[in-house]
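Chemist: Next up is a structure, given as structure tokens.
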Amino acid sequence: MSEIKLKYFGTDGVRGIANETLTPELAFRLGRTGGAILTRHAESDKKPVVIVGRDTRISGDMLQQAMIAGFLSVGIDVLRLGVITTPAVAFLVQNLEADAGVQITASHNPAADNGIKFFGKDGFKLSDELEYEIEQLLDSPEDTLPRPSANGLGVASNYPEGALKYMSFLQKTIPTDLSGMQVALDGANGATSDLLPRLFADLNADFVTMGTEPNGLNINDGVGSTHPEALADLVKSSEVQAGLAFDGDGDRLIAVDENGDIVDGDKIMYITGKFMNEQGRLKHSTVVSTVMSNIGFYKALAAHDMTSVKTAVGDRYVMAEMIKSGYNLGGEQSGHIIFRDWATTGDGLLTALQLLYVMKETGQKLSELAADVQVYPQKLVNIAVADKVAIQKNPAVLAKIAEVEAEMAGDGRVLVRPSGTESLLRVMAEAPTTELVEKYVEAIAAVVRDQANVS
């Protein structure tokens with residue numbers, strides 16, 4: 001199958017506005033179809049088991065109930081993990097030897113959105129081929145899946161022990177505790193809200209928290225990895241060594257140094273990658289990144305005898321490259337960092353522990369560790385368009401991109417790509433000065449708006 005066009009699945013599962021485009025009816029059908037596809041190779045002498053987690057969105061309970069009903073209706077038992085992070089679900093699928101896992105989350109998106117992420121029994125996100133199979137069943141004019149009765153039905157039960165197993169795993173990924181470390185923690189009012197104080201207390205760190213009081217509506221609202229400004233203020237006022245901001249489902253991390261400056265995914269990958277390389281643990285001395293990583297990141301790697309392989313945007317593509325070529329560190333500027341030695345997906349809490357471990361082992365401040373990455377000014381503009389793919393291929397837009405790249409003469413770059421989850425075209429540029437990057441982005445964005453007939 002050369003190119004798979006998916007109707008429901010985007011780059012990170014099924015997303016939509018809860019109860020509008022992502023309805024409980026759709027969640028129920030996804031439970032039936034996804035459950036049937038993912039458990040078809042389960043042992044025949046016992047019922048398949050699927051684990052289900054969610055973030056703190058008010059719609060999470062509604063969608064979880066519907067999804068679970070779908071699983072139960074095809075004879076699958078369900079373990080409810082409750083509010084938990086996405087990487088915890090990926091870990092627990094393997095740890096509990098479940099047949100599949102599901103997380104109800106829209107990650108860093110606003111509270112009105114929600115989504116459904118599937119994991120196979122190996123803890124990895126699904127391939128395009130598997131998602132296509134699920135979609136074919138979803139759109140089938142007739143539901144031919146089994147409808148067992150009586151003891152053939154699945155049974156759902158709570159499994160609060162999952163969080164404890166996950167935290168125990170995390171603590172074993174560093175060979176020391178965090179005594180003597182002072183940090184500020186921002187849980188984005190999301191899935192890490194309850195885990196953060198428990199985990200860092202267990203590791204003997206001194207910490208202050210924010211964004212750990214979810215009410216179902218305040219997830220990612222002015223807090224978390226997409227809004228680290230408030231955390232930066234807390235870091236400075238509390239005089240701690242670092243700030244750690246997570247997103248709504250806990251699969252990404254953005255850090256803040258002791259001065260309140262942002263340490264993004266590029267810098268985190270560089271810091272941890274350099275440390276791993278010096279210890280002989282960075283496979284092939286290579287970090288896998290996406291096309292969104294900054295030029296300064298690549299220059300810092302090269303200066304310290306490391307290289308990088310680029311992929312399309314999305315941690316699933318980073319992971320695919322890591323598996324294919326045997327790399328063990330990769331991620332995105334946005335803070336999805338994958339430590340393949342321990343995990344099958346990006347994990348904000350795991351990343352936080354690795355970063356703090358480097359700080360503790362080296363005795364260096366976070367600002368000192370990040371200083372090697374001299375970031376080129378970068379600007380990203382999101383433009384709402386009706387057809388993001390068509391506009392990306394528009395001749396006038398392509399001509400303007402070529403014109404800008406010629407003017408850059410190699411000292412800068414342009415990236416124009418459609419969003420994987422929203423009806424947006426993203427226009428990004430990097431250049432030596434802020435003035436130049438503003439000029440380049442606005443030149444391209446103006447043509448995009450003109451061709452898309454948007455103001």
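Glycine is treated like the rest: Cβ placed from N, Cα and C.
Under the heading active site, phosphoserine intermediate, Swiss-Prot lists Ser107. If you look up Swiss-Prot, you'll see Ser107, Asp247, Asp249, Asp251 marked as Mg(2+) binding site. Among the features that Swiss-Prot reports, phosphoserine is placed at Ser107, with the record citing sequence analysis.
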Chemist: Are there any residues in the same chain, six or more apart in sequence, whose C-beta is under 8 angstroms from the C-beta of Asp251 (Mg(2+) binding site), and if so which?
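Modeler: Spatial neighbours, sequence-distant, of Asp251 (Mg(2+) binding site): Thr85, Thr86, Pro87, Ser107, Asp315, His336, Thr345, Gly346, Asp347, Gly348.
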Chemist: Other than Ser107, Asp247, Asp249, Asp251 themselves, what residues in this chain have Cβ atoms within 8 Å of the centroid of the Mg(2+) site's Cβ atoms?
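Modeler: Nearby residues not in the site list: Asp55, Thr85, Thr86, Thr105, His108, Gly190, Ala191, Phe246, Gly248, Gly250, Arg252, Gly348.
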Chemist: Does Asp249 (Mg(2+) binding site) have same-chain partners at least 6 apart in sequence with Cβ under 8 Å from its own Cβ, and which are they?
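Modeler: Residues satisfying the criterion: Asp55, Thr85, Thr86, Gln103, Thr105, Ala106, Ser107, His108, Gly190, Ala191.
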Chemist: Would you count the other C-beta atoms found within 10 angstroms of the C-beta of the residue listed as 'active site, phosphoserine intermediate' for me?
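Modeler: Excluding its own Cβ, the number within 10 Å is 29.
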Chemist: Is it possible to get the count of other C-beta atoms within 10 angstroms of the C-beta of Asp247 (Mg(2+) binding site)?
Modeler: 34
